[in-house]
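K.L.:
Got these off TrEMBL a minute ago, pasting:
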ACT_SITE  His307  active site
ACT_SITE  His353  active site
ACT_SITE  Asp408  active site
Amino acid sequence: MVFYRGVSLLSKLRSRAVQQTNLSNSVRWLQVQTSSGLDLRSELQELIPEQQDRLKKLKSEHGKVQLGNITVDMVLGGMRGMTGLLWETSLLDPDEGIRFRGLSIPECQKVLPAAKPGGEPLPEGLLWLLLTGKVPSKEQVDSLSQELRSRATVPDHVYKTIDALPVTAHPMTQFATGVMALQVQSEFQKAYEKGIHKSKLWEPTYEDSMSLIAQVPLVAAYVYRRMYKNGNTIPKDDSLDYGANFAHMLGFSSSEMHELMRLYVTIHSDHEGGNVSAHTGHLVASALSDPYLSFAAALNGLAGPLHGLANQEVLLWIKSVVEECGENISKEQLKDYVWKTLKSGKVVPGFGHGVLRKTDPRYTCQREFALKHLPEDPLFQLVAKLYEVVPPILTELGKVKNPWPNVDAHSGVLLNYYGLTEARYYTVLFGVSRALGICSQLIWDRALGLPLERPKSVTMEWLENHCKKA
């Protein structure tokens, strides 16, 4: 129980964060001391029995405890506000934003190993944290980087399958097709067909998940180079970490772009389990579909305009502002343009969130990156003006619960600055990132033996009759 005592103490430390300026050092000491091995799978093997017992205790002692009341509004409103899903890797607070295994984004930036002093977190470090709940050492992150590099091979048939599609097909269509083509190598499917005890299902899930995480940057980079660079692909560089190597295969050698990709993958990796892509991955996997099938389904959800596709819409909308009003648009002109957008029946992309009620911390850390690396960029300055102009207008409308910017409001401007200007491709970057969170939870789904998801549905007639009786 050392780890849980550490987490409890970490919570106490957070409550005194204002007085304790050395919080990051305390967090690192508390959690790194509980983890010494370099092999991630071995770490998981030690943690799983304890977590299985924890789940059994929850069910036996508190299984009948009510978590809230379900209203008609919840049933008709996309199940918003309804607690109904176990998701261990992250938790979203309406005011604080996302916490990865209890750590906020600023805390992750302080305590997770980076490629250079003061740099952005390495995505491999976040993957270790998501899977184990522990902050890894640099040596553990380097070991995990090596494991992912050893798995980063993609069979030729995957590229041939993608090539069978028109080059004009949406990047997400090509990416999801590539992931489906990877499925033929699924270790989970092979193990299930041979016969495997349910207590061991997490093991082939781990194998598939780690291979999938390692492979998706290669598939994503292939799609990008096929669509926008005449099919001239760039081989992986085994001297680079996960985020930097992805940027390299896309065709970007700038050290700042490598840092941006590390940050991007880290902050987009997970956002608890109720969003469309995460929930879809969990739902499909609950039928014991393997990680490739589950993640491909998640990608198809991510491709929707109300989910991951929103990040491309933001940049396109910002560019439309510049085309009509110029880069040096005043705040008054910007207000007029925002009102024009809203009165035409459209939304201002990049603002609002289904759960958050304050500025998304993923937006904030990207803003800080921009202030550090590109403070004079005209599009960044426009985004900064939007931060001042849009929330008061949305508040005035009175129909929006959260008028503040979300993660999508900023990412496109950063990518555009470093030369990744193809907005239609941005959701693929989101998809690569989301592999870390979804696959981490899939491993725990199988380790904990979570059941097939099967909620009850009703008709409008049933609701009408029920309400009459009530």
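Each Cβ is built from the backbone N, Cα and C atoms, and glycine gets one as well.
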K.L.:
Report, in whole Å, the straight Cα-to-Cα distance of Asp408 (active site) from His307 (active site).
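P.N.:
Cα-Cα distance, His307 (active site) to Asp408 (active site): 10 Å.
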K.L.:
Looking at Cβ-Cβ distances, which residues of the chain lie under 8 angstroms from Asp408 (active site) while being 6 or more apart from it?
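P.N.:
Looking at Cβ-Cβ distances below 8 Å from Asp408 (active site), excluding near sequence neighbours, one finds Ala310, Asn311, Glu313, Val314, Pro349, Gly350.
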K.L.:
Starting from the Cβ of His307 (active site), draw a 10 Å sphere and report how many other Cβ atoms land inside it.
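P.N.:
Around the Cβ of His307 (active site), 18 other Cβ atoms lie within 10 Å.
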